[in-house]
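Peer 1: A single structure is presented below for examination.
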């Protein structure tokens, strides 16, 4: 009897370890499946982006002969077609892809940090800050070069800091921050409308067109400006921000215990997120809902948390696809890209609000 009793604990221990084994075993395939889905999604997104680029090169606004387009792409000169491809369509593609990537990364950083799909620059007012500063620089100061980008970035950072301060009492996430952003955004819209009344007719018309979100002013200079500015942030800051974001998602107390300076980590994250969104806005205007859509679409396709880099790829694809439809949707009318992204994004925003309300989760 004693021997039997002595062996009982070992049996219990063996049964406990065997019960825990499946959990450890299933955790590995789950992570593996998630990585596999992410890779597949990235490949499909790249394919969609390439198809959209090809479609716009051949059928953007005016259909071009396929052989002439291929000749231009291989370095040959074709009168008329060379100008259309090199000076119009390729710059639009370059600026649109870079702007979409920046906006996608910007929105997904805010959404991951705050744990809320509504927390994108479009919704929380940061985009309005960048837009208002850019309009002020154009109408009042007459800037239209790199200073416009600097004003846009400064405006976005200022509004981000103001919204963060207004939501400082209590937890800086969820509805408190979003409501503060909506209030600031409404005031900035009023400021933009007032500035438009003070502008010359031609300037006001150009600014109104810019405010809809357009690639019409795309050129190689703007493409290079976006490539360098976003590239510097992406190479120097983004890897650090992504590492610190993983720590912040564990909770600020846990992050501090792991050696993260929480205040600096938050400040660096906000700067990177605002810069990735404000710099494209200075060039293209506010492309409605691109920053808002990229992250949730990525999460839905991968069935996992928002992937920051994949959101950038998704944002680029959204803008290029929208650019193709903007050029071809109506035979006699070329729409601004922001009209297409806004038309698609608004129902998506309503769907998220309805879904959040039906599940009982706050925005």
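Cβ atoms here come from the backbone N, Cα and C positions, even for glycine.
Taken from TrEMBL, the feature region 'Disordered' covers 1-21. What TrEMBL lists as transmembrane segment is 42-59, 93-111, 123-143, 149-166, 178-196, 223-242, 254-275, 308-327, 333-354.
Could you tell me the structural context for the features on the list?
Peer 2: Long-range neighbours of the transmembrane segment (123-143) within the same chain, counting only residues 6 or more positions beyond its ends whose Cβ lies under 8 Å from a Cβ of the stretch, are 110, 151-160, 163, 177-178, 180-185, 188-189, 191-192, 195-196, 198-199, 203-204, 206-207, 210-211, 273-274, 277-278, 281-282, 285-286, 291-292, 349.
Packing against the transmembrane segment (149-166) from elsewhere in the chain are residues 121, 124-134, 136-137, 141, 143, 172, 177, 180-181, 183-184, 188, 225, 229, 270-271, 273-275, 277-279, 281-283: each is 6 or more residues past its ends and has a CB under 8 Å from a CB in it.
Tertiary neighbourhood of the transmembrane segment (333-354): same-chain residues 61, 96, 117-118, 122-123, 209, 212-216, 284-290, 292-293, 296, 318-319, 322-323, 325-327, 363, selected by CB-CB distance under 8 Å and a gap of 6+ residues from either end.
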Peer 1: If we call contact 3 or more Cβ pairs under 8 Å (sequence gap 6 or more), are the transmembrane segment (42-59) and the transmembrane segment (254-275) touching?
Peer 2: no
Peer 1: Please report, as numbers and ranges, the same-chain residues at least 6 past the borders of the transmembrane segment (178-196) whose CB is under 8 Å from any CB of it.
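Peer 2: Result: 116, 118-119, 123-126, 128-129, 131-132, 135-136, 139-140, 159, 162-163, 166-167, 204, 207-208, 211, 363.
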Peer 1: Where else in the chain does the transmembrane segment (308-327) make close Cβ contacts, counting only residues six or more beyond its ends and a cut-off under 8 Å?
Peer 2: 38, 41-42, 45-46, 48-49, 52-53, 55-56, 59-61, 92-93, 96-105, 107-109, 112, 215, 238, 242, 245, 287, 290-291, 293-295, 297-298, 302, 334-337, 339-341, 344
